[in-house]
Every structure is written in structure tokens, then in C-alpha cells.
Amino acid sequence: MSYFEAFVLALIQGLTEFLPISSSAHLILPSAILGWEDQGLAFDVAVHVGTLAAVVIYFRKEVITLFAALFASIFKGERSKEAKLAWMIVIATIPACIFGLVMKDVIEVYLRSAYVIATTTIIFGLLLWWVDKNASLLDDEYQAGWKKALFIGIAQALAMIPGTSRSGATITAALYLGFTREAAARFSFLMSIPIITLAGSYLGLKLVTSGEPVHVGFLLTGIVTSFISAYLCIHLFLKMISRMGMTPFVIYRLILGVGLFAYLLMA
């Protein structure tokens, strides 16, 4: 892997991790079209660190408040809307953990094909469009009860199917439940913190036990590039989502999915 490849892959990861357009659909393009080799475990860990740092730093005030409220509810029995939201994020994380443990091998063996990614990119794009057009868009994230959190968590678990998009699935579920676009996006981004942490930790453990060589320059490129691109992406998405809605992302997903099918049929 060259520094240019490291930069491009980290940029793709940072830009697509938090937009409802599927990072997996984009990350297969360099290897499928340009023949780039797999970037390896170490680089995967690096871009997870970068994107995690971006969302934690962007929502640093909320993260500190939610952690404090969560611990206060555990050790002092205090109840607050912040503690409730923190517990809803915990509940929403559980389905993905279970699904990942049970279905990891099935996904890796049977569902990582370009045809699956193209199909899910289109189908979940259309679902996002339908929900965005018909949702009530009234509630904020603090109104989520455990049933809503579990529903969104199941959507996050299904997003492990390549091409679905974690942010796309969770935002779609939140919109369906009546969240405003901004609240759906914020809840999705806050939900990403524990799941990216767990995924990155799992990859880090695999890296340590694999003995794979580590190239510090590539890792720094991955961390810095994914951090900057993800941070800017979160900021711009939250600023623009209320007035532009989800239609631009739906159109992009349809073009991407059709383009992938066209490439596969001509290859």
C-alpha cells in the first residue's frame, strides 16, 4: 500500500462512515476497479481510531454529560433525561453485539460480494427515501424509550450486511419512529461511539494476536485523514440535513448501486 492509497482509503472511510451512503460500498471500489490490495488489520484499526476520535470530539459536551448522568444513575440512583438517553444508547448497542457474534462468519463468507452490496445500496436507499417522505419528524432523541432504542438497535445490527450503511439504517429507523432529521442523525452518531469502540477493539485484538507488521506512517495517515474528513462530514451533515432532507443521499445511493451493477455485468 502506498501513501496515496492510504490517504484515499482513509478519506473514503471518514466521509462515508457517518453519511447514509454505505462505507463498504465505497471501500470495494478501489480494489474492484483499481486492483488495490487489502489494506490490512493495522490500517483498519487506524481508521476506526480516526473516526471514533472525530465523533467523540465533535460531541464531547454530550459525551461527558451522558457519561456523568449514566454513572449518577448507577451509583446514586439519579434520574434525568440525559441518563435515560445514555441507557437508550446502551440498549441500542446490544442487538449489534449479538448479531455480530452470531453472524460474523456468515456475513464474511456469503454477504461480502459486490452483488450483495449493490443490491442493499439500492434497496435501503429507497427505504430511506420512503421513510423520509412519510415520517412525522416531531420527536427529539431524548424522547426515545427502550422499545424505540431496541428498534433502532436492530436496524444497526442489520446494517452489518455490507452495503446497508450503519448511519443510513439507524437514521431510517429513527425517522420511521418520528424523530426529526437532526435528532435521528444525532442519535445515530452517538450510537456509533460504542459500536465503533467495540469494532476497533476487536480488530485491535486480532492485530495483536496476528503479529501483522505495522507501518507507522500509513497508520498516522489513516488516523489523521479519517479524523479530519469524518469531523467535517459530521459538522456539514448536521448543518444541512434539515433543509435538504435525505433525497440527495438517496439519489446518490441509486446511482452508486446501478453503477456497481453495470460494472459487474461488464467486467
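The backbone N, Cα and C atoms fix where each Cβ goes, and this holds for glycine too.
Lifted from Swiss-Prot, the feature list:
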- 1-21: transmembrane segment (TRANSMEM)
- 39-59: transmembrane segment (TRANSMEM)
- 83-103: transmembrane segment (TRANSMEM)
- 111-131: transmembrane segment (TRANSMEM)
- 144-164: transmembrane segment (TRANSMEM)
- 189-209: transmembrane segment (TRANSMEM)
- 218-238: transmembrane segment (TRANSMEM)
- 246-266: transmembrane segment (TRANSMEM)
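When Cβ-Cβ distances below 8 Å are used as the criterion, the transmembrane segment (246-266) is approached by residues 19-22, 25-26, 32-33, 114-115, 117-119, 121-122, 124-126, 128-129, 132, 163, 168, 171, 175, 181 of the same chain, each at least six residues removed from its ends. The transmembrane segment (83-103) is in contact with the transmembrane segment (144-164), judged by 3+ CB-CB distances under 8 Å for residue pairs 6 or more apart in sequence. Same-chain residues lying 6+ beyond the ends of the transmembrane segment (1-21) with a Cβ under 8 Å from its Cβ atoms: 27, 30, 36-37, 39-40, 43, 46-47, 50-51, 54-55, 128, 165-168, 171-172, 188-189, 192, 196, 215, 217-218, 221-230, 233-234, 237, 246, 249, 252-253, 256.
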